[in-house]
Amino acid sequence: MAVAGFVFCWPLLGLTIVLLVAPIDAAQRHTASDNPSTYNIGGVLSNSDSEEHFSTTIKHLNFDQQYVPRKVTYYDKTIRMDKNPIKTVFNVCDKLIENRVYAVVVSHEQTSGDLSPAAVSYTSGFYSIPVIGISSRDAAFSDKNIHVSFLRTVPPYYHQADVWLEMLSHFAYTKVIIIHSSDTDGRAILGRFQTTSQTYYDDVDVRATVELIVEFEPKLESFTEHLIDMKTAQSRVYLMYASTEDAQVIFRDAGEYNMTGEGHVWIVTEQALFSNNTPDGVLGLQLEHAHSDKGHIRDSVYVLASAIKEMISNETIAEAPKDCGDSAVNWESGKRLFQYLKSRNITGETGQVAFDDNGDRIYAGYDVINIREQQKKHVVGKFSYDSMRAKMRMRINDSEIIWPGKQRRKPEGIMIPTHLKLLTIEEKPFVYVRRMGDDEFRCEPDERPCPLFNNSDATANEFCCRGYCIDLLIELSKRINFTYDLALSPDGQFGHYILRNSTGAMTLRKEWTGLIGELVNERADMIVAPLTINPERAEYIEFSKPFKYQGITILEKKPSRSSTLVSFLQPFSNTLWILVMVSVHVVALVLYLLDRFSPFGRFKLSHSDSNEEKALNLSSAVWFAWGVLLNSGIGEGTPRSFSARVLGMVWAGFAMIIVASYTANLAAFLVLERPKTKLSGINDARLRNTMENLTCATVKGSSVDMYFRRQVELSNMYRTMEANNYATAEQAIQDVKKGKLMAFIWDSSRLEYEASKDCELVTAGELFGRSGYGIGLQKGSPWTDAVTLAILEFHESGFMEKLDKQWIFHGHVQQNCELFEKTPNTLGLKNMAGVFILVGVGIAGGVGLIIIEVIYKKHQVKKQKRLDIARHAADKWRGTIEKRKTIRASLAMQRQYNVGLNSTHAPGTISLAVDKRRYPRLGQRLGPERAWPGDAADVLRIRRPYELGKPGQSPKVIATNQPGMPMPMLGKTRPQQSVLPPRYSPGYTSDVSHLVV
């Protein structure tokens, strides 16, 4: 069903297509049928031959079906060109416009002037009738505001500027002087050259610049004033546009100034080529088919027929105007026909025929003419259309050219000046700058005067320069024979480009500063300085071959050996020291606890009557732990228990390892060589990682700065370091020495010099961004090749190596640095001062502690004296009390005795009670319960309670130290004051048994 439906739709689709196409085809047939079938082509020609050829060409055209549609016929209407432009205007109106001409072909004699063709163009253009010129080459006809409908099959004179550019590129001339008249054509050719050169040199390597523009008034009488300016210029290539008459004057005066001979190059336009005094060797241009009116007539007719044919097929053509008196006529078809004409591109008898927006012929061919002896013109090249590449191509046979002075060898095109303006910049060690003293009038023999460039302050210009580049300059000037004036950079910078608005312009343009800016603006001839060769600079200036190859590297300060007061603590980190200190006291505490609580911690020798040894106290444990750690002798206070002794052995092993490690590491820190760098190079992660606390920088606007901008992989790093960049390299190097900047990225030559001069600085990593230092010159400078060859000779002869050793590496200084690095380090007071200070602190601590102990002891003695006085007073008081008690007791006992004696015993005998208690020996301490009252020293005083008298006498009561003890009363003798024997009397007895009287 689907297939059947699809087949059913085919007739309907076919009917739809027929209905849609039929109106279009009908409209086309209607348009073609509405267009005129006959077309009159007017001709304003200069002679009868041209008129006849014009008529014949149109007749032949009617039989050419390629250009003429069916039922279309062309007719010619011609008039003779009149020298009177007014009469020409009337003839155009009466004989051409009245006959409804659709276009007009115009030619005239080259010597008759362009007023008549202009009159035809004005008249026809007023009615929008296209005009095709075949001989008018003035620039005025390119102005479409005046000649609104004018085309031409010949190019204007100022189009020769395009050929000039091709010739300059072929001969590799980079500087030219343009000579032109001040009329419209002269200024047009200058404008064409300047405009075209801006886009032309994008595709070629050699760029030509205009050094001098000489403009003169037509109808010259003398050209000598301009020749004086031209003679002082550097360029010797002259591009001249002048009429034949003016060219004669210019060549005459130039010959008198010897400016048409050897070394000079003249390239002129067609008019000047026909001067009767054109010098030998002049190169000129001549338009191909320039005088072939018949060829141009045929090409113009066929171009017109081609445009009308296309217009007929696309739109309706209204009839041409018929009455010159009708000023209201506005022929739109004529305007449209003019646009069709400009779009034509055909191959005709005069070559490839095409037009630009102004209606001027493009792709016109030229012959390159070389003037020989006796004004003979010899074709040495062609500028023609290349159909394969669809563009114009220059072909010149250099071997056939005879140059001015009858030379076969191409001139250099420039005058090489022998006195140059040189610029330099202060950059150690390449250029040292010294201000002259007030009493100095000249520089040293190895120095050269170098005032500030373009500085009017006389006092600020007194500088002398020396160094690597100055020695190179002195030798270079001798080798290639030039003199110079040396000056310092006006702003102290190498130069970088900035984008700046031009006055009255909407676009930004690059502008160079510093040394490069002076060279680009041609205020200096050469830069002799450590100028890095890079693509940005090479686009605007010339460079010699490098006189020193180098790259980019990193400067940093060497890691210092920390010779501080606590340098002896460096082998261990702070954390490790803290752990060791904690371990000492923890082990001491554990030793004390193990020895305290161990059941086997206290022991005594077998069969020994001595008391058991005491356990290890905390103080002794700390002393033991420190003694083992510091490897000092342990005389007392060692652990007693087995468990504590095991821990002590382990602690001794720990102490041995710690002390050995400390000793070895201390030697490594204080004696062995330190690491040279912190960074491994540009690829170090710390440089790439923007989060690291590491500052790096370069000099802003320098070649290194440009390098980082170009490198995409370094963009993150550049954004970080951009804010830290310095104005000069000197400032950055000083900050590296002070430790304010960790890494300075700069040219390796300068940094190697700084590292060789200061042993504390070192370059890190390998070179990157390799380039070289070159001598800068102006674009197209004649000195470029000579300077390059001289530098290559210097490399071969070893002169550059000599400069490296003398100025950069500082041989003796570098050897001293290497000796310093290789010699083992000797420890001095600076390294070990902390240890001595530690001993001093120990001594001071000991003295301080003994002072504290003395003060404390004095305080204790005073306190003890007060206690002794109080105790003595208490003892005396206690003795008095005891004495009274004893007397009372004695009296009471005597009374009892007297009573008992009278009642029981016989007189003359007494029975004394015996104290059976054990008394301590002399000097033995007793407990408080055994102390005798009044004995301050707690030493037992034993006295005899009774002293027996002689036989027949009654015994005397001496004393009693025991309250309540019965005292014998001997008779009625009254007790007298007791007489106490001295303490520790040898008459002491420890036992009293019986006393018998």
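Glycine residues also receive a Cβ, built from the backbone N, Cα and C atoms like all the rest.
Per Swiss-Prot, the feature glycine binding site maps to P530, L531, T532, R537, S703, D747; the stated evidence is similarity to another entry. Every protein chain considered, the tally of other Cβ atoms within 10 Å of the Cβ of L531 (glycine binding site) stands at 30.
Residues annotated as signal peptide in Swiss-Prot: 1-26.
Here Swiss-Prot flags 27-573 (among others) as topological domain 'Extracellular', drawing on sequence analysis.
Positions annotated as topological domain 'Cytoplasmic' by Swiss-Prot: 595-651 (among others).
According to Swiss-Prot, the feature topological domain 'Extracellular' maps to 673-831 (among others).
Annotation source Swiss-Prot lists topological domain 'Cytoplasmic' at 853-997 (among others).
Here Swiss-Prot flags 574-594 (among others) as transmembrane segment.
Here Swiss-Prot flags 652-672 (among others) as transmembrane segment.
Per Swiss-Prot, transmembrane segment is recorded for 832-852 (among others).
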Around the Cβ of R537 (glycine binding site), other Cβ atoms within 10 Å, all chains included, total 26
Would you measure the largest Cα separation among P530, L531, T532, R537, S703, D747 for the glycine site and round it to whole Å?
16
Same-chain residues at least 6 beyond the ends of the transmembrane segment (574-594) with a Cβ under 8 Å from one of its Cβ atoms are 601, 616-618, 621-622, 624-626, 629, 639, 641, 643-644, 647-648, 651, 654, 658
Neighbour tally for T532 (glycine binding site), based on other Cβ positions within 10 Å of its Cβ
24
With a radius of 8 angstroms around the mean position of the C-beta atoms of P530, L531, T532, R537, S703, D747, what other residues of the same chain does the glycine site pick up?
F494, I533, N534, S702, S771, Y773, G774
All chains considered, the count of other Cβ atoms within 10 Å of the Cβ of D747 (glycine binding site) is 27
Here the 10 Å Cβ neighbour count for S703 (glycine binding site) comes out at 24
